[in-house]
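Okay, structure first, notes after.
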């Protein structure tokens, strides 16, 4: 299946902004500053507050949607100004999945290395593919299955190379194991979120900006309220703040005041996540949830390359093999092998259905149609 220019733009936007999002979050985590009450300098480890910032970026998409809607008044643009009613509560389940999965991953990132984090996030492709087949009635082509498997293998190789290239691991073995298990657990939750979004967005034809903004509103409000009890919940070794609470937002604001570059990193994270989630849910709508996961996994390559340039990681020869496997998996999944096979066989292979086939027999039900 040939991609349109718009689909290619969405895929590129998701890849670039997703990479900026991860790099800006890592940049913020690398800062060390004093906290409140004259506490000693410590790392900026505030995973739940960073998750709130992520949802703030998503929430900004809702404001952008209504700005476009006001601008489109008086014009017949149904994609921006839909005439049908819409129940925002239908996005509460995927928003809760997003909030839970993201928070768990931010916590796990403080317990394990960045290379392990990126490697294990590739497990989401497995869960998304299985859930898409089981609950969305999807039929993936053999080449797409091979592409997914190759992508996972490439992520494993790149992650293994990152682990082998590190010589000064500051994390205890128990913390690394716990963090890795938390990452895998989070990928199951994220995969459920992706499948729920695909089934809902495709069926009801919701504008991507409105969908992302609605999820961001739920996540921002709920997680912001949860910051209050988190301030009093002891977390022990799971916490990185001086009070050893689950989250200390006041300590985070004090650190930002003493190190303004942290604010710059957080603002970069918020703005990039806004565009990233818009592009991500648009890819889900235009292509599929599995395609979104493959593109999301490809961020590992971009982050790995930029980390080498910035000197955050050391080069390992095994990373070359991982990069080539990732390219092979992407080519297989996107059907780049078909023109070569067609040229060799001198006949055009029949088009595969797997990519756009969804529930309800592959039919799309607009919101304004009565069910």
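Note: Cβ is positioned from N, Cα and C throughout, glycine not excepted.
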Exercise. Which range, 27-47, 48-68, does TrEMBL list as transmembrane segment?
Worked result: 48-68
For this session: Quick one: sort out which of 261-281, 324-344 is the transmembrane segment according to TrEMBL.
Result: 261-281
Exercise. Looking at 89-108, 349-368, which one is transmembrane segment according to TrEMBL?
Worked result: 89-108
Exercise. With the transmembrane segment (145-164) as the reference, which stretch in 89-108, 176-196, 293-312 has the largest tally of C-beta pairs below 8 Å?
Worked result: 293-312
Problem set entry | Interface present between the transmembrane segment (89-108) and the transmembrane segment (293-312) (three or more C-beta pairs under 8 A) | no
